[in-house]
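What Swiss-Prot lists as Zn(2+) binding site is HIS82, HIS84, HIS252, ASP326. Feature annotation from Swiss-Prot assigns Fe(3+) binding site to HIS82, HIS84, HIS252, ASP326; the stated evidence is sequence analysis. Under the heading 4-imidazolone-5-propanoate binding site, Swiss-Prot lists ARG91, TYR154, HIS187, GLU255, SER331, citing sequence analysis as support. Residues annotated as N-formimidoyl-L-glutamate binding site in Swiss-Prot: TYR154, ASN328, GLY330.
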Amino acid sequence: MKKGNVIIKNASQVITCSGFEGKFGKDMNNINVIENASVVVEDGIIKEIGSLEDILKKYNEKHFEIVDASNKAVLPGFVDSHTHFVFGGFRAEEFSWRLNGESYMDIMNKGGGIVNSVRGTREATEDELYESAKKRLDSMIHFGVTTVEGKSGYGLDYETELKQLRVMDRLQKDHSIDICKTFMGAHATPEEYRGRNEEYINFIIEDVLPKVAEEKLAEFCDVFCEEGVFSVEESRKILLKAKELGMKIKLHADEIVQLGGAELAAELGATSADHLLHASDEGIKAMADKKVIATLLPTTAFCLKEPFARARMMIDKGGAVALGTDFNPGSGFTNSIPLMFALATIYMDMSIEEAISAMTINGAAAIGRAETIGSIDKGKKGDLVILEYPSYKFLPYNTGVNIVETVIKDGNIVYKKSY
C-alpha cells in the first residue's frame, strides 16, 4: 500500500463541516453529518466521501490502508488556532498567586508573567526548546490536533524571537502536525526597555519585523493590545508595518479591559482577534461586519477566573467564532481539547455543532487555511479524527475525557489509542 492512502470505512457518522471559508452566524450550526459513510484519502488528499459500495467500485483496496470505523464518528482534524507552545521554564508558582487573589497584571507588574517566561526562553538553547516543544506537539496530536498555530513572544529580543521561530521551522519539517507561525515580538515590553515603549516598538518595526518578513519566518504578526502593554495606537503602528511587509495580522484584544482591540481588528482587516473577554458590543459587531474571526480561549478565562467571552452574542450578531487552547506556561498551561470543548458548550452557550465548527473550519479560517484544511471536502488535506463513540455528541457528554481513538494526518495514521 502507498503512503498517504487510506480508506476509512463504515463510519456511523462522517461530520464534514463542509466549506472552504469560515462559517459565520447561524451557519456555524451546519456541520453536515453523513450517516454510515466512508472516506477515501489518496496521496494525502481527500478524494471521496460516500458509501463503501460506491467507493470500492472506483478504488482498489489493495492500494490503501483500511481503517474500520464501525460504530465510530469521523471528524476533520482539529485546528488549535492560538498557542504559545515554544518556551523555556515554567510558572507554577504564579498559579498559586492567582489562587490567592493576585490578578494577571499584578503578577506581570512584579516581574512574573510573560517576562518570567522570557528569562527562561532566553536561557534555553535552540535544541532544548526544540525537544520540549516536540513533546508538547506529541501530546496535542493525541487530542486530535492536526494543525497548530504557534507564536514567538517569549524572546522580546532579536536573537530569541528568531530562535523561537526557527524551532517551529525545524518542527514543521520533523513533526506530523502542521504549524502556522506567528511573530509576536509585541507580547510585552522587556525589562531592558522598561519605560521606553516607543524605543522598543521602533526596534520591532525597524530591526525585527523586516528580518522575519524577509526570511518568511512567520505568516502572521500578533500584538498584545492591552492596557499597560501596547495601546491601540501602538498596536496599529506595529500591525500596519507588518501589513506593509506582506504579513497577515491578528491581535490579542480586550482580554483584561475593554480597550478597543476588537474595533482595531475590524479597522485593519485582521484575520482574527483573540481572547475578547471584555470586547464591546460595537467591537463585536464591527468584527462580524468585517469578517474578522473571533478566536476564543475558554481555558484561559477559566484559569484566570475571568468571565468567559460572549460567544453567543458574537454568533447571534453574525460573527464567526474559532476556539483555541492558548496553551502557554502561565495563564493557561493546558492543551486539553476536551476541557476547551466542555467549557465552550457548558459556560459559553455554544451548541455542540457550533463548537465543532469552531475547532475545525473556523480554526482553519483563523489562520488563513480554510481552503486546504478544517473540513472533510474533496481536494483538502487528509486530516481526520476518529472518535471511540458513534456520535459527535459524545464530545461534551464524556466531559473532559479524550475520546479520540485514531488520528490521520495527510492520509497516514499518526496516532492510535492503545487500550
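Each Cβ is built from the backbone N, Cα and C atoms, and glycine gets one as well.
Features per Swiss-Prot, on structure.
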residue	record	Cβ neighbours (10 Å)
HIS82	Zn(2+) binding site	30
ARG91	4-imidazolone-5-propanoate binding site	20
TYR154	4-imidazolone-5-propanoate binding site	31
HIS187	4-imidazolone-5-propanoate binding site	26
HIS252	Zn(2+) binding site	28
GLU255	4-imidazolone-5-propanoate binding site	28
ASP326	Zn(2+) binding site	30
ASN328	N-formimidoyl-L-glutamate binding site	24
GLY330	N-formimidoyl-L-glutamate binding site	26
SER331	4-imidazolone-5-propanoate binding site	24
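Annotation note: HIS252 (Zn(2+) binding site) sits in a strand segment as assigned by DSSP.
When the binding-site residues HIS82, HIS84, HIS252, ASP326, ASN328, GLY330 are screened for a Cα within 10 A of the Cα of HIS187 (4-imidazolone-5-propanoate binding site), the ones that qualify are HIS252.
A Cβ within 8 Å of the Cβ centre of TYR154, ASN328, GLY330, the residues given for N-formimidoyl-L-glutamate, is found for these other residues of the same chain: HIS84, PHE87, ARG91, ILE114, SER117, GLY153, PRO329, SER331. Here the C-alpha separation of GLY330 (N-formimidoyl-L-glutamate binding site) and ARG91 (4-imidazolone-5-propanoate binding site) works out to 6 Å.
In this view, HIS84 (Zn(2+) binding site) is surrounded by 25 other Cβ atoms within 10 Å of its Cβ, with every protein chain counted.
Residues TYR154, ASN328, GLY330 are listed as the N-formimidoyl-L-glutamate binders, and the farthest two of them sit 12 Å apart at their Cα atoms. Of all residue pairs in ARG91, TYR154, HIS187, GLU255, SER331, the annotated binders of 4-imidazolone-5-propanoate, the farthest apart have Cα atoms separated by 20 Å. ARG91 (4-imidazolone-5-propanoate binding site) sits 19 Å from HIS82 (Zn(2+) binding site), counting Cα to Cα.
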